[in-house]
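Enquirer: Before I ask anything, let me first share the structure, which is written out below as structure tokens.
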């Protein structure tokens with residue numbers, strides 16, 4: 001390519017390129033296929049999710065079979081299910097149940113519900129997920145973060161201390177709404193909505209929630225009777241101080257046995273967790289340690305009559321099959337909208353945690369997890385759960401890790417766990433009467449270290465400071481205000497990041513890298529050289545729209561003026577080439593700004609050329625007649641062709 005500095009260009013339309021190949025390539029750019037209509041964009045995701053109507057080649061029976069296999073993945077893999085796999089799943093399910101039973105009781109207590117509702121949530125949702133879910137390792141049941149979320153948001157609607165029955169009914173209704181939202185996300189392929197809670201925000205949110213959950217356990221660990229409904233760290237610590245101070249000043253006796261029992265078994269659980277991590281063959285030790293702690297502590301309290309000495313115990317746990325809760329759902333009254341909002345928040349948090357857990361273990365096993373199918377499965381299981389006295393269930397990281405370590409092969413391990421928990425409800429709930437509340441607190445505390453990932457937070461800080469801002473925003477929002485505020489701060493910072501990137505897109509001056517045909521950013525490649533009189537600019541943005549179009553125009557005009565000031569000895573700028581290969585879309589505001597840019601450049605005697613616009617962009621520019629205004633001969637496939645065409649225009653300087 002020539003780089004003669006004395007070459008001049010004209011803004012007239014009598015440029016005739018001699019290269020017929022270049023004309024043909026320009027026609028490729030100018031004659032793209034028409035973009036799909038609006039209705040197709042809106043409804044194609046729904047059509048893809050309707051498996052029954054997706055294939056025209058199959059018979060109705062074939063479509064029905066494909067639909068059922070897509071809806072119930074168990075129909076696909078159960079055909080080849082072998083006894084050897086069942087042996088592994090049986091062991092994993094029993095190991096999982098030994099961890100789920102005490103954790104479920106503890107999480108129900110965290111959610112301000114009776115213990116049996118945590119056990120109910122470990123029966124029906126895992127069974128539904130086992131037939132509809134596509135993950136082989138994920139363990140379904142109540143989790144700490146969602147339990148905390150419900151205990152912090154639902155009391156704003158109904159106070160559990162004043163009306164526990166109404167509180168429980170609102171929780172069931174929240175679960176139904178959460179299931180409906182999750183199923184809708186899956187059916188309409190709206191999984192991208194969950195992605196607004198970014199990975200960085202989730203790391204901060206989980207860490208903040210873990211600390212709050214840990215502070216909440218001071219109630220059971222210290223045997224505190226009066227406790228705040230607020231979840232921020234200041235309110236919790238003030239509540240603990242006031243409760244202990246009131247007991248001391250009023251002469252009430254404080255019973256240290258709660259603290260002694262809780263701390264003793266917490267140390268045991270942490271040691272078991274440490275040993276299990278150091279020796280993979282002892283994976284079962286941290287899994288059965290919680291159940292072993294419950295059995296030992298219950299026996300100690302029963303034999304020593306420690307409940308007479310002030311040790312708080314669970315007392316009655318209702319057993320039996322999950323009772324129906326259809327008649328308890330609340331669809332009337334002034335709080336339905338607030339209940340639906342809590343359901344939406346719970347749905348997003350539950351999905352985010354479950355999909356993150358499922359995908360991490362699926363990547364280890366080397367298979368793909370369909371996010372939309374997972375959402376549909378989660379939604380259906382929570383809808384069914386809301387009708388059978390369950391609250392919001394999702395995938396648990398700690399229990400999934402145990403399930404994976406125990407060698408589970410399929411989701412049959414969830415079925416084994418659910419059956420085991422059901423047998424516990426039928427046969428052994430009376431044995432839980434003397435279980436101390438401090439044990440539930442210690443079990444929850446022992447599971448919290450897995451929610452705090454300091455290494456990941458440090459990694460986020462090193463890679464992306466803006467992501468780290470979302471991380472610490474979520475962390476401090478949850479810690480010092482509320483769970484809801486932490487989520488709002490995290491999502492707001494993520495939106496702000498997207499908005500800033502949209503309003504201030506990357507606009508790069510390109511030059512040709514020596515001994516190559518590539519045109520690259522001169523800031524990144526200082527050795528790249530630009531052709532005198534020609535300014536090559538790349539718009540690195542997904543869209544040229546109302547939010548950033550004026551910024552793009554002003555930046556380009558500023559660069560033209562700066563280039564002319566820098567090139568006074570060599571001459572003015574005669575051509576501006578826009579590389580639009582990265583531009584995916586343009587709206588009417590963007591087109592108007594391009595027209596204004598063209599007029600202002602033309603008034604300065606500068607020709608505007610376009611390179612490689614995407615098919616949607618060139619289609620819109622043709623409809624708006626912008627291509628006719630700049631001339632079809634000034635639309636090119638590559639930057640090199642555009643520069644050569646400008647250089648070959650050997651007209652005298654006007």
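Yeah, the Cβs are placed from backbone N, Cα and C, and that goes for glycine too.
Taken from TrEMBL, the feature transmembrane segment applies to 60-78, 139-158, 170-188, 200-218, 254-275, 282-303, 374-394, 400-424, 431-452, 472-496. Under the heading domain 'STAS', TrEMBL lists 541-646.
Context for these features, please: burial, neighbours, distances.
Expert: Long-range contacts of the transmembrane segment (139-158) within the same chain, counting only residues at least 6 positions beyond its ends with a Cβ under 8 Å from a Cβ of the stretch, are 96, 100, 103-104, 107-108, 110-112, 118, 121-122, 125-126, 129, 133, 166-167, 170-171, 174, 205-206, 209-210, 212-213, 216, 229-231, 335, 338-339, 342, 345-346, 349-350, 353, 381, 391-396, 399-400, 402-403, 413-414, 417, 444, 447-448, 451, 482-484.
Counting only same-chain residues 6+ beyond the ends of the transmembrane segment (170-188), those with a CB under 8 A from a CB of the stretch are 45-46, 49, 111, 113, 150, 154, 157-158, 194, 325, 328-331, 335, 339-340, 342-344, 346-348, 350-351, 372-387, 389-392.
Outside the transmembrane segment (282-303) by six or more residues, the chain places 95-96, 98-99, 101-103, 261, 265, 268-269, 272-273, 275-276, 311, 313, 402, 405-406, 431-432, 434-436, 438-439, 442-443, 446 with a CB less than 8 A from a CB of the stretch.
With a cut-off of 8 Å between Cβ atoms, the residues of this chain six or more beyond the transmembrane segment (374-394) that come close are 71, 108, 111, 113, 117, 120-126, 128-129, 132-135, 140-143, 146-147, 150, 171-176, 178-187, 191, 194, 322-326, 329, 346-347, 350-351, 353-355, 358.
Beyond the ends of the transmembrane segment (400-424), by six or more residues, the same chain brings 74, 77, 81, 85-86, 88-97, 99-101, 104, 119, 122-124, 126-127, 129-130, 133, 135-141, 280, 283-284, 286-287, 321, 357-358, 361, 364, 450 to within a C-beta distance below 8 angstroms of the stretch.
Long-range contacts of the transmembrane segment (472-496) within the same chain, counting only residues at least 6 positions beyond its ends with a Cβ under 8 Å from a Cβ of the stretch, are 148-149, 152-153, 196-198, 201-202, 204-205, 207-209, 211-212, 230-234, 345, 349, 466.
Here the domain 'STAS' (541-646) returns a mean pLDDT of 89 for the predicted model.
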Enquirer: Using Cβ atoms only, state whether the transmembrane segment (431-452) and the transmembrane segment (60-78) have three or more pairs under 8 Å that are 6 or more apart in sequence.
Expert: no
Enquirer: DSSP helix, strand and coil counts for the domain 'STAS' (541-646)?
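Expert: Computed counts for the domain 'STAS' (541-646) are 59 helix, 16 strand, 31 coil.
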